[in-house]
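Structure first, then comments.
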Ligand code: GDP
């Protein structure tokens, strides 16, 4: 067993934690691999430490990689700890005391591709959590004609390119800077920045060739040293505080939690408090585990026991009763403190994440607390109410809950990065509950919104089918084919659409007098169901006698019920053609001359 102080040895400054975010395929994983890879090559054997869920790159390795860019004497932070899982999912999962656990983030953007939906989402999350970040403008090596200089600082390789290549890179970078500005961030190429506090540094890099990686490490280290040193001054020997990254079954250990420890130490004999799905868990550490060093990877054992670990680091904790532990939940070492205080602290932190729910709304499920919160924020922004929000897979009881929603549009379950239990899927189908699943928040919100639109369209169509529509038409002179029972006359539709089986009337001043019902419509000898404005047809009208109740040249109107006029005017005005709208407004105007509140 080894005594391990991770990367925090020099003094009491802990290692800043770095997260990588960005759109899919923009090179997050490659960039992390490159950073780790170049660190392994440059560093002395064993200098780079593999942690659970994170990689520590100590200062001496950073300075080897950075070469002339960095003066190691000017730093006293121990190095950088990179979270191994890139993406905003792990970023939002890893929280500490209400904020992001990562101290600093790298936003990876493909220089050719620019801002994409997940770039925007990442920016929003960084903004919400007020996390400082730099932009890695990745894949500079894909610019046509690029001559790679493996692992070189970016200005060196930039100078060595042709004018045309340089110009093309400049254009791409300016576009990126413009996009950042559209999102409210002032930014520039990092070497032009004096002040990183109000400006975002853009670092051109290639995860493929390693160009710009020295610059990236230098800027991260510099930023942390200059602006975050105070936050790093923690008591790394005090009781540990961390966040659950993952809950995992591990052979020989049962359920374990992978924890990123951001404060203090954890020891083999500690009692810990962990946030649980149902109740807060109090348990004794059984083993602290870290991965076997690379050299010993061929041994049977995947993990190595350690007695003690200090922040910042990743560690697997084996302990009884962890089945209910939640990814994203806080972990606290109790040590020399009243247990109840620590339980209260953990519960207060969990309560802070609790999503506000309403009587009426959708059901949301997510795999971790952080993602649940991020999803809830996105829904709130889109003004979508939530009835229940929980961590966990979609279960039958969620379906039952969703069926209690009053509105059709709320009988939905939105699942982020979760599974649907088999009987839940069946139940949902039976009960008409709509399930939406995705591991991208904006897609989930977008798909739900599309669903709502479709429902609303259907509802409108249903209303349309049952609603009488306004029309105005004139009995033509010399076109009376039959006087009565029914009267058959030629008419011209002046505005709107005249349909069969519609009651019609004639205005006497502002009073509409019912004259009968249009029974049939014939256009050029053929029976039709309806006729649009501008056409001449013959109609049969049950009720009136021509010469007594109606005359040639009379203007007749569809008798529009008050309720229908109201729906048309207030809800469907945009959906009906202009001439119909005109007929409607003439009709209601006449009516309102008598009764100002008619149809309101
Ligand atoms: P992620 O989804 O953001 O993690 O992206 P990946 O790291 O998986 O990269 C997506 C693809 O882009 C892979 O095929 C990588 O090999 C490629 N790629 C990433 N970075 C670079 C780069 O700097 N240059 C080139 N040419 N390809 C890259």
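Placed from the backbone N, Cα and C atoms, the Cβ positions cover glycine too.
Annotated features in TrEMBL:
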type	residues	note
BINDING	22-29, 84-88, 138-141	GTP binding site
DOMAIN	13-228	domain 'Tr-type G'
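Counting only same-chain residues at least 6 apart in sequence, those with a Cβ under 8 Å from the Cβ of residue 88 (GTP binding site) are 21, 118, 121, 122, 125, 374.
In the structure shown, across all protein chains, 140 is the one of the binding-site residues 22, 25, 28, 140 with the greatest number of other Cβ atoms within 10 Å. For ligand 1, the nearby binding-site residues are 25, 28; that is, of 25, 28, 85, 88, 140, these have a C-beta under 6 Å from one of its atoms. When averaged over the domain 'Tr-type G' (13-228), pLDDT in the model lands at 90. Within the same chain, the residues at least 6 positions away from residue 85 (GTP binding site) whose Cβ sits under 8 Å from its Cβ are 53, 245, listed in sequence order.
Residue 88 (GTP binding site) carries a helical DSSP state (H, G or I). DSSP assigns residue 140 (GTP binding site) to a helix. The secondary structure of residue 22 (GTP binding site), as reduced to three states from DSSP, is extended strand.
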